[in-house]
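Down below is the structure, laid out as structure tokens.
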Amino acid sequence: MIKPVQTELYAVIGNPVAHSLSPVMMNAAFRSMNVPATYLALQADELPEDLETLARFGFRGLSVTLPHKELAYRLADHVDDMARTIGAVNTLMREGSAWIGCNTDWLGATKALRRVTELEGREALILGAGGAARAVAFGMKREGARVTIANRCVEKGKALAKSFRCDFIPLAILDRARFDRHFDVVVQCTSVGLQGTIPTVLVSDSFFEPGMVVMETVYRPLRTPFLNAAKRAGATIVHGTDMLVYQGVAQLEWWLSRPIPEFPCVAAMKQAIHEVLSKEKNAQDD
């Protein structure tokens, strides 16, 4: 007798969301572990109503991306201690009639950075003051870095800096010729450089130095103008895909209540992303 396959539903929600590599990455992970699940990309414009709709359709878990991470924190029925401290969630799980929230961005960011540098005692600069910046600031402080926030909106940047007891500088100061403060680690946490957005320059090329570690949270395109400028200056660059993978691993561990093995699962996630980005690069070269 034919029986329907029970498939759990997951999705990334945000706006824009068409650029997201999460479906490719997460579906590769599910296949590698023989987990009967499907992961979609869904544009969400009205988050309160959208969460109700997704609950009715039986979605088990959600990845939350721009611009909803702080709102998702406020809408979640319960959040864990880390998310409460950060004030943003990038992960939701349905338990009974409630949405439970946590944050894995900080785990993804710190793991990606620790692969190339120590963070304790380092001077770190975070560009941006949204949900991703909040998570990265939390993670960097937790690792013992001395964190400074730079943001165009002074009020929002100062509020974030106050929350985590960080320094704050207006973003415009970084382009001044006489700005001579040194940073060991720089993390770009805005949507600038995202595929399909209007090109914007955050900092001048002269800001970057040899020996800096520069990480991008945007992952499509793989090499943003921000990362290209850092690379030309001799900095060590960390792609946004590294953070994407490691925060995704933490999401899977939370949703599935099990460890996620490097092989075959994490390797499959990385390979799936690599294949998509390689095809895009080849198409551009043609």
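We count from 1, first residue shown onward.
The backbone N, Cα and C atoms fix where each Cβ goes, and this holds for glycine too.
The record from Swiss-Prot ties Ser20, Leu21, Ser22, Asn90, Asp105, Tyr219 to shikimate, and of the options Thr65, Thr200, Thr236 it ties Thr65 to that site too. Using Cα positions, the member of the binding-site residues Gly128, Ala129, Ala132 nearest to Leu21 (shikimate binding site) is identified as Ala132. If you take the Cα of Asp81 (NADP(+) binding site) and the Cα of Asn90 (shikimate binding site), they are about 14 angstrom apart, rounded to a whole number. The subset of recorded positions (Lys69, Ala129, Gly131, Thr217) lying with their Cα within 10 Å of the Cα of Asn90 (shikimate binding site) consists of Lys69, Gly131, given in sequence order. Sparsest Cβ environment among the binding-site residues Asp81, Asp105 (other Cβ atoms counted within 10 Å): Asp81. Reported as a whole number, the C-alpha separation between Thr217 (NADP(+) binding site) and Thr65 (shikimate binding site) equals 11 Å.
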